[in-house]
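S.K.: I'd like to ask some things about the structure below.
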Amino acid sequence: MQERDLYMDKDLERALALSLRESQVNASSSRAISISDSEDDDDDRFQSGRLQENRAFKTESSRATTQSVHYPAPPSQSARNTLAASFLSERAQMERERLERLKRLRGQDADDGGGISPPTKRQHIPSSEKHANGRANIASASSSSVPSGSSASSRTASTSINSTPTSEQLFWNGELRPTANKHSQPRQDGKPTFRLTEVLGSKPDISFAIIASYAMSVSWIYEFFAPSTPVIIVAQPDQSGQPTIKNILPNWVMTVPSLRNGRGCQHMKFMLIFYKTGRLRIVISTANLVDHDWRDIENAVWLQDLPPRSAPIPHDPKAIDDFPSIMQNVLRAVNVRPALANMLANDHPNLPLQTINDLRMKWDWSKVKVKLIPSIAGKHEGWPNVVLTGHTRLMKAVRDMGLRTGKGKAAKDLLIESQGSSIGTYSTQWVNEFYWSARGESAEDWLDESKARRAKLPWPPVKIVFPSLKTVRDSVLGELGGGTMFCRTNQWEASKFPRELFHDSNSTGGRVLMHTKMIIATYRPKKSIFETSSQSNGKGKELSDSETEPESDDIEIQNDPIGWAYVGSHNFTPSAWGTLSGSGFNPVLNVVNYELGIVFPLYDAKDAERVSCFKRPARKYVSGQDRPWIQEESQLLRQSQEM
């Protein structure tokens, strides 16, 4: 019996019952499938594995994955209430079980790498006329991104987070906003927000959708689509780590990617929404497809609308580095191709997307200025493969945006502020490895340095932004609302753990916890990390404020970018971003998780403030007084799980 069937049964029962009530459907479309896409099978097959938070929806009923899905009666209202009430405690329990499982597999403590992401502020990312180099200009979301003829939705968010909007706003130049949260309305910062209904648009207008999430409630997300709309949903694999596709509902196909050796997780959160008008909306989110993520914690959504081309352009096999090409590679990696083939061959031969390559050929991506940053689980060897995934993909994007920090006397140093919901296991070598890529410096130069020298580097100027125990207790939901933030006692108390890098996470929107994964990176003149050791004595001495805070004179640099920002599913962990090895001649990047996000330039200090989901400067933990939020140390959370 597959574990996926255990935790999905109750959820599917409700969705199936809803479907039967709303439309007449051919039950034969609900057959189970197990297909491996042979064209994707190679030595760089993706390795990962992780118990899903979705086990919150498991029941005592069982059914093998090779059997057809039945149509039982929906669960009672009391059963639904019990499921909703147990979500947070079950989620925390699953996290503990996952860590124990990974410890057995790896023989050591595993990085989380797959918590959820804290929210980012609303932000408008239009194409820039001011900057002729074609880089994205970060403007206030209050700026108009609506083409003539479109109506703007109200900026006022109600407590009914998922109420249907009265009008649909289109974003031809892209938009970044925090998600609406019932506990911070109105927002203290006045930023506009996205509800899920606003992200998806009108049900009858959607012709097809591809959606991806780490955790999901199928019955909940099902209600946001018309029963007749075909949907492919990319989910977290079970413990077997085998790639499969499966018809879970009428017109719905679930696909999961390969997780070699049962390690890692499918942590991407994205949507491709195809509309009957021909328009395509691309969505990169930090929120899972569960009501908790869209109601009680803060997340972020970037989206952009794309018009159809007047005529498809020819397929270009050499195009591998632009946004649509990378998105196509992501779809192949997470096993969408066989799911799409299944839909086309059976009930939906006229989908707007006939092949994965159609994505680049049929829609106009010319106004998309952000860079797409995926992490594809697996072993990636050689430069052509290494620069397409993980932190080395970030390095390539930073260089392409003209933001490389450089070397020598003219070198600029980055200050990195990384907000996340999961803490990893850190070494000075890995943090400096990531920092090297974040500066846009070649991984070849990094690997050419001796391992001994790399291992002795001090901590670079990085701020790890994570909620303190005090912040969680002072939040609207208190400790019971901290079930999606992950740090462990053995991490925090490890002798070489970088406690001096920790800063408190406080939302600019109010007293809510953030699940958004975000990096704010700003630079200033400074020498290369291999040219100085003035940041630290190499024995764990913490950086002074003058060494970690950029001077305002260094930040305001005329019309040139002053840094960049990242938003997506990546937590600041080796599991999410990858670990580099090998040589400068033949690099190897090992990645545990599937992740996805975007990166774009920041042109001035105001840009950084508008984009940031957390209050800056983030308050530094006071040694001996502050402690991060650690679930296992919360008596309240423990008691709630025992109820």
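Backbone N, Cα and C define each Cβ position, glycine as well.
Under the heading active site, nucleophile, TrEMBL lists H267. Per TrEMBL, the feature active site, proton donor/acceptor maps to H515. Annotation source TrEMBL lists substrate binding site at K269, K517. Annotated compositional bias 'Low complexity' per TrEMBL: 27-36, 134-163, in sequence order. The feature compositional bias 'Basic and acidic residues' is assigned by TrEMBL to 52-61. Sequence annotations record features per position, and here TrEMBL assigns compositional bias 'Acidic residues' to 545-555. Sequence annotations record features per position, and here TrEMBL assigns region 'Disordered' to 21-80, 103-171, 531-555.
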S.K.: Around the Cβ of H515 (active site, proton donor/acceptor), how many other Cβ atoms lie within 10 Å? Please give the count over every shown protein chain.
M.R.: 28
S.K.: How many whole Å apart are the CA atoms of K517 (substrate binding site) and H267 (active site, nucleophile)?
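M.R.: Computed Cα spacing between K517 (substrate binding site) and H267 (active site, nucleophile) is 12 Å.
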S.K.: What is the interatomic distance between the Cα atoms of H267 (active site, nucleophile) and H515 (active site, proton donor/acceptor), given in whole Å?
M.R.: 13
S.K.: For each of H267, K269, count the other CB atoms within 10 A of its CB; which of these recorded positions has the top count?
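M.R.: Of the recorded positions H267, K269, the highest Cβ count within 10 Å belongs to H267.
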S.K.: Is it possible to get the count of other C-beta atoms within 10 angstroms of the C-beta of K517 (substrate binding site)?
M.R.: 32
S.K.: How far is it from K269 (substrate binding site) to the residue listed as 'active site, proton donor/acceptor', counting Cα to Cα, in Å?
M.R.: 13
